[in-house]
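Engineer: Mind looking over this structure? Questions follow.
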Amino acid sequence: MKVGFVGWRGMVGSVLMQRMKEENDFAHIPEAFFFTTSNVGGAAPDFGQAAKTLLDANDVAELAKMDIIVTCQGGDYTKSVFQPLRDSGWNGYWVDAASSLRMKDDAIIVLDPVNRNVIDNGLKNGVKNYIGGNCTVSLMLMALGGLFQNDLVEWATSMTYQAASGAGAKNMRELISGMGAIHAKVADELADPSSAILDIDRKVSDFLRSEDYPKANFGVPLAGSLIPWIDVDLGNGQSKEEWKGGVETNKILGRSDNPTVIDGLCVRIGSMRCHSQALTLKLKKDLPVSEIEAILAGANDWVKVIPNEKEASIHELTPAKVTGTLSVPVGRIRKLEMGGEYISAFTVGDQLLWGAAEPLRRVLRIVLGSL
């Protein structure tokens, strides 16, 4: 089996390579090849593979020699290469982090702790396109999958608190630049205990509204503020990110024909790489909270139910705690005043791990027959 990697240097690709190294995945890959869009003929990264030279990621003939292609190169690359490659007669497996092919009928959105049965059926039935899901959707399902898998959810609404990493590496840098620039504007006043906080606040507010605030990537301030819209406007009042929440969740669960209604608002906040979500769910029956917690906790090895208490919540349910880990904590689970079937939940997860790289890493192992 020849496996080709494209986009291994970018943010998601780098996290994928790091995770594959940690899990010794390259030992399960008979022949690994690395492709590039910018440095053809250069030295490939060394993961113990025989092929030491970078190949041309835009060369369809070269790509067609692969049995599996794993790409984190982005949607534009997929749009330019995928169809010509298939048209050339290539019948290999395409594993992709980008959203371009997600909703195609001949593609499966992969999140194996939640939809391993869908993936296995796809492999049996000759499906060759395995696509990583939207980060927010994947993280919600890792946390709340137990309720969805047991068909207990009548509807759900998710209000998100999404990290800068979802918009890209430059946006993460811009967030930190914004934080630093705000501090620099009032550093002297902060150092002086007698300075008035309202004066400091006014200087910060003026700076946030000024042209000097670094916002080339987000377009508006994020540090010290938030952005109540993510992705393009679909023209019906919904953003594309919000639309994905419903359609992708149902596709992952294999129930696009009989969908669970899911909707909500997606908001960008000043977190680096962890998405958080506040959810309201209407269940199909009035279950005790203890039973709900047991169903959630038993769904997979990574979800962690946090007791609905102040100290546990403020220490365990935060981006600061979760960043860089595979843990997906879920807490704030309680009955709402609307009635016994209505529950709240709050969950946090790393946007680059279960939100992006980890489902690809695992589906590659599944296709190779080693997971």
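Including glycine, each Cβ sits where the backbone N, Cα and C put it.
Checked Swiss-Prot, it gives:
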type	residues	note
BINDING	R9, G10, M11, V12, T37, S38, Q73, S165, G166, P193, Q351	NADP(+) binding site
BINDING	R102, K244	phosphate binding site
ACT_SITE	C135	active site, acyl-thioester intermediate
BINDING	Q162, E241, R268	substrate binding site
ACT_SITE	H275	active site, proton acceptor
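How buried are these features, and what lies next to them?
Structural biologist: Close to Q351 (NADP(+) binding site) in the fold, though at least 6 residues off in sequence, lie C135, L139, Q162, A163, S165, G166, R273, C274, H275, each with a CB less than 8 Å from its CB.
Under the three-state DSSP scheme, R102 (phosphate binding site) falls in the coil class. On its own chain, R102 (phosphate binding site) has I109, I131, G133, N134, E248, K251 as residues at least 6 apart in sequence with a Cβ closer than 8 Å to its own Cβ.
In sequence order, N134, T136, T160, Q162, I230, D231, C266 constitute the residues six or more apart from E241 (substrate binding site) in its chain with CB-CB distances below 8 Å.
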Engineer: Among all chains shown, work out which of the recorded positions M11, C135 has the most CB atoms within 10 A of its CB.
Structural biologist: C135
Engineer: Could you say whether, by DSSP, T37 (NADP(+) binding site) belongs to a helix, a strand or a coil region?
Structural biologist: coil
Engineer: Looking only at R9, K244, R268, H275, the recorded positions on record, which one has the least crowded Cβ, with the fewest other Cβ atoms within 10 Å?
Structural biologist: R9
Engineer: Give the number of CB atoms, excluding that of Q162 (substrate binding site) itself, located within 10 Å of its CB.
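Structural biologist: Cβ-Cβ neighbours of Q162 (substrate binding site) within 10 Å number 25.
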